[in-house]
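The domain 'Glycosyl hydrolase family 13 catalytic' annotation in TrEMBL covers 20-348. Marked as active site, nucleophile by TrEMBL: Asp187. Under the heading active site, proton donor, TrEMBL lists Glu212. Per TrEMBL, domain 'Alpha-amylase C-terminal beta-sheet' is recorded for 349-407.
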Amino acid sequence: MGFDESQQSDPLVVIRNGKEIILQAFNWESHKHDWWRNLDMKVPDIAKSGITTAWLPPVCHSLAPEGYLPQNLYSLNSSYGSEDLLNALLDKLKQYKVRGMADIVINHRVGTTQGHGGIYNRYDGIPMSWDEHAITSCTGGRGNKSTGDNFNGFPNIDHTQSFVRKDLIDWMRWLRSSVGFQDFRFDFAKGYASKYVKEYIEGAKPIFAVGEYWDTCNYKGSNLDYNQDSHRQRIINWIDGAGQLSTAFDFTTKAILQEAVKGEFWRLRDSKGKPPGVLGWWPSRAVTFIDNHDTGSTQAHWPFPSHHVMEGYAYILTHPGIPSVFYDHFYEWDNSMHDQIVKLIAIRRNQGIHSRSSIRIIEAQSNLYAATIDEKVSMKIGDGSWCPAGKEWTLATSGHRYAVWQK
């Protein structure tokens with residue numbers, strides 16, 4: 001299949017450009033629905049909507065159908081479909097100039113045979129046939145202590161071992177050059193030191209990368225603190241550790257935005273007058289989102305209030321950062337939501353809004369948030385009334401509790 005070598009291999013080129021719009025192209029139930037075929041039919045619409053990257057679920061053989069308990073990383077027959085169907089899908093995405101993003105699950109790996117301590121921590125009989133030394137001592141292996149948090153119940157990969165890193169880089173290069181993925185998403189990035197992510201990106205050269213560094217926000221009881229600076233700083237430290245080569249999901253913005261829409265829009269302006277998430281400090285590395293397969297879908301660990309989802313998209317699709325749209329909102333909730341999101345994407349693209357666009361927050365009170373982006377787009381969310389001053393502004397789109405104007 002191969003990829004087009006003319007696509008720049010410096011991951012910073014695309015990050016500097018800042019024009020990405022990501023679609024998370026699955027949810028927690030997708031493995032039940034002949035997924036590669038389903039997505040294949042949607043590629044023309046994905047491309048026409050202005051999406052630049054489609055994040056696919058984990059493509060490798062896994063003990064759990066969702067793909068997050070990998071075993072044979074070189075087997076591409078999964079519950080989402082056959083290797084042939086995956087190849088066809090990736091070909092079609094390329095044909096429509098949408099990049100495929102691989103979900104890189106390398107914090108843990110389920111063994112094939114029992115080894116040290118009676119645990120399934122050996123990988124006999126499959127490619128990358130590691131022994132117990134590839135597994136951290138904290139999760140029953142003979143390797144070193146983990147460099148991050150443990151994913152409990154399964155053997156965690158010891159990234160301090162050079163043979164492990166070499167095998168993983170070879171595998172990621174194969175995903176890039178043979179399978180045809182162009183972008184990477186690093187699953188459970190809290191599980192191992194971000195310096196290894198830097199090494200993997202330098203080794204495999206994805207065009208764009210994003211890490212899932214999901215950390216607990218600051219709460220007083222069940223109330224979210226106004227100040228989440230220490231939370232966003234931890235995400236920024238992870239990005240720094242990854243050599244600034246990767247972006248990260250902006251969990252800080254997700255946390256604050258889903259409280260703000262309940263009538264606490266004052267949360268959306270920090271003490272310095274800036275947006276309060278990662279996008280307020282390092283927007284070129286912040287991937288903003290409303291929900292994903294863990295927070296939403298049928299798992300619903302931390303869902304965005306359902307009646308306010310379009311207010312959420314009106315925020316992330318007009319603001320700096322790199323917005324990501326969730327499959328359920330785009331294709332499963334109702335057709336009008338799909339079309340409203342497409343309109344917001346079109347405004348973003350037509351006005352040239354990008355990850356580092358300037359932002360001026362004009363209102364942030366309990367029932368109203370308003371801002372102007374690049375002095376070209378103005379927006380409001382909440383049930384307070386507001387519109388930008390001046391005849392040069394025209395209403396570009398509006399819906400339940402949101403409106404967007406452009407010049």
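Yeah, the Cβs are placed from backbone N, Cα and C, and that goes for glycine too.
Assigned with DSSP, the residues of the domain 'Alpha-amylase C-terminal beta-sheet' (349-407) fall into helix, strand and coil as follows: 2 helix, 29 strand, 28 coil. Close to the residue listed as 'active site, proton donor' in the fold, though at least 6 residues off in sequence, lie Arg185, Phe186, Asp187, Phe188, Ala189, Ala248, Phe249, each with a CB less than 8 Å from its CB. Model confidence over the domain 'Glycosyl hydrolase family 13 catalytic' (20-348) stands at 97, taken as the mean pLDDT rounded to a whole number. Note on Asp187 (active site, nucleophile): other Cβ atoms within 10 Å of its Cβ, all shown chains, come to 19.
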